[in-house]
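Single-structure report; data block below.
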Amino acid sequence: MAEKKPFERLPKTVKPSHYELFLHPDLKTLTFDGKETVKIEILSAVNKIVLHAADLSIKDAVLTLANGETVTSEVSLTPEDELATFSFPKMLPPGPASLSCSFVGELNDKMKGFYRSKYISSATKEETYAAVTQFEATDARRCFPCWDEPAVKAIFSITLCVQPNRVALSNMPVVEESTDANGNKVLKFAPTPVMSTYLVAVVVGEFDYIEDKSDDGVLVRVYTPVGKSDQGKLALHIATKVLPFYKEYFKIAYPLPKLDLIAVADFSAGAMENWGLITFRESCVLVDEVNSSTSTRQWVAIVVGHEIAHQWFGNLVTMEWWTDLWLNEGYASFTENFCVDHLFPEMDIWTQFVTSEHIKALELDAMKNSHPIEVPIGHPSEIDEIFDNISYYKGASVIRMLHRYIGDDDFRKGMNLYLTRHSYSNTFTEDLWLALEEASSKPVKDLMSTWTKQMGFPLINIESCKQVNNSREIVLSQSKFCADGSIDDQNSLWLVPLSFSKSSAPTEECFKAVLKGPKATFTIPNIEANEWIKLNPGTYGFYRTKYPRELLQQFVPSIESKTLPPLDRIGLLDDLFALVTSGKASTVTLMELILAMINEDNYVVWSTISNCLGKISVLISSTEFELQYHKFGRTLLSKIYEKTGWTKKANESHLDTLLRPLVIGTLGLYGDERVIAEAKKKFEEHISGKATIPADLRSAVYKAVLSTGDETTFETLLKLYRKEELHEEKERISNSLGATRKPELLSRALEFAISDEVRAQNAAFIVISVGLRAKGRELAWEFIKNNWKTFQNMYENGPLLIRLVNRSTENFASEEKAQDVESFFKENPWPGFERTIQQSVESIRLNAAWLKRDRDSIQEYLSKL
């Protein structure tokens, strides 16, 4: 193989300040024409200007100097580097100038750059297209030639030429409208603030909207498919309320005159925070009064809160380069919870944060093939892989830990200082630490650098714990926690903010300290001899704790009585689970602790139990004692099933509403006859029109029915899918197809995934659903290998392809499969996939070692129940 050319950033000889951009998308030919004039500053004499362009044909390039002289340019494209070089016959002197060119491109079908999105026109009932942009991370260059790096900020004045019956939107409001000679509508938008190219946005199509003004005067609109504006009401409510909330929290007003949220039919991510025009996948912003589930409503609140947080973190202040992506994503993932907690306190979102984000980050970060929060990024092909649980969830988790450490008042002051100091410019992680350190007078930079610059996190080991008069003397040590149980040879150390609680006041911190070295002794006052003491109450610290067995046993009565708070029950269980998977504790010990939680009734704790049960289930799914394990699961869930039942109770809590489908879905997975019989009954009534299944229960019912159903059941679900318009419901149905146990129907589900009936944005999830069970796992992996070119063409190197590969392979549990995955990608290398493959293979080998280690003891334990 030829040696890979080292990646280089753009030369700093020329800097843009203002793009005047004209775009004319043709929704019939699926192409677009464009013209641009960019005001630039030539910083040192050059005879060529290098910028980014991809999949564009560029012509008519002319440079105008400050004295009015024009110089014609030759343009050469370097497709492999996505560069355009404008060469001039003479040296260009330093000073202001403007570069003009025209270009043409394709409205592609890859959900990146300037692309097409398919929908059925409500007016003609025919298939038609919208034109949509998705530029993060490096795809603005597919729409117009530009300096496509986050640090090269400029003003954008955008003009769109569109069909007269189409809605056209961009970052700013329209300031002028006219008609061209062909009867097209020409819309000129106000100039944007200074911003990065990846935040420029354009959408052209048929849409309805609803609008309102926030209390601080910002016009907010939610754009929906025609005829579905009612489905935007929740998002509009959230957006209008959260803008003034963030203004108050950050002490900085949202700086644009309007904010549009728009539902797009084809979208690779969940949403994108373009300044003033946030784009969403339909199921992340639209809520149907009857057919949307409670979990979808919560998800919409989280996603809207996340994207609006980006209007400050990311848009107003932007990371200098993708190495600091976490400054955008980690902060927005943390801040989204503030807004949801403010608007919907009943959701108890900070408790849910631990299972939805904190635990997922710990799981990935324990692996050898994780990466630091601040991850060195060179070539753009490496960027997609870091839109992951480290940048988002570990980033959010360490910020939550820091927020607890310095307190909310100082945190808010530091945020304001950071945002004010760096408005309309770019930052490095250190800039954030300096602002928070200044506000709090605490050693933030020294402490936090240990969490962002090095990979992984510590295992805090309680080496001894003894009573001394009315105090408890505790010896703690730290070492890097490795998922395979190995000893870290790098001698990694963290500055660890510690806190403790005790059984007489389980909801309060009784002692705080910072562990600064490999080992330390702490004396905790005012503790009775018969009290337990717990490390990391509230699970704020981003670390695992290992208790000696006798100390762990002390918690069991408080777990059973539920006097230990939910976040602490979660923390104890998940820490033990991690020790089990790394070989430092036995699976049977874990199963005994879970059995002690048979009276548990908290949704978030059950989410953690379900996560542990699910991973053990995947591990033993190909063994001869799988059915015995399912019986264990049914026994464990029997009490909570009796309590939750099938019917929503009057005035039940939000968390109880979420708990019901979790319990029913898990019991269906474990073959509970009562659940499957009731699911079949409800499904028959749903199909006949006699009684609609509540939206919260549909996913669980579809999967339960299909798990014992035949081809007729499968066909019935496909019919439901075909007549459904709501994307959320279509996704619910298609993601249930993998629940069938019949190999021939699993194969049909896989073929269906890549058929014309399924949008590319959803295809990966159907394949993943097939791979969740042992019978489907092999089929899904073979299907991916046999259709690898199809998936490459569908997604190129985007996040959906990364997710497809990782989620479809990580649950295997044999060395043979690890080698199979390795060899396939050795023969089919794909740039930007290296870390994903390494993580998948590592997961497979961890599973294989775990199964080999605990297989016999699990089987013996189950046989005695």
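Note: Cβ is positioned from N, Cα and C throughout, glycine not excepted.
Taken straight from TrEMBL:
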ACT_SITE  GLU307  active site, proton acceptor
BINDING   HIS306, HIS310, GLU329  Zn(2+) binding site
DOMAIN    15-199  domain 'Aminopeptidase N-like N-terminal'
DOMAIN    235-451  domain 'Peptidase M1 membrane alanine aminopeptidase'
DOMAIN    532-845  domain 'ERAP1-like C-terminal'
SITE      TYR392  site 'Transition state stabilizer'
Shell list (Zn(2+); ref centroid = CB of HIS306, HIS310, GLU329; cutoff 8 A): GLU273, GLU307, ALA309, PHE313, GLY314, ASN328, TYR331, ALA332, SER333, THR335, GLU336, TYR392
Which same-chain residues, if any, lie at least 6 apart from TYR392 (site 'Transition state stabilizer') yet have Cβ under 8 Å of it: TRP326, GLU329, GLY330, SER333, GLU357
Most crowded position, judged by CB atoms within 10 A, among HIS306, HIS310 as binding-site residues: HIS306
List of residues, in chain order, with Cβ under 8 A from that of GLU307 (active site, proton acceptor) and at least 6 apart: LEU261, ALA271, MET272, GLU273, ILE278, PHE280, ALA332
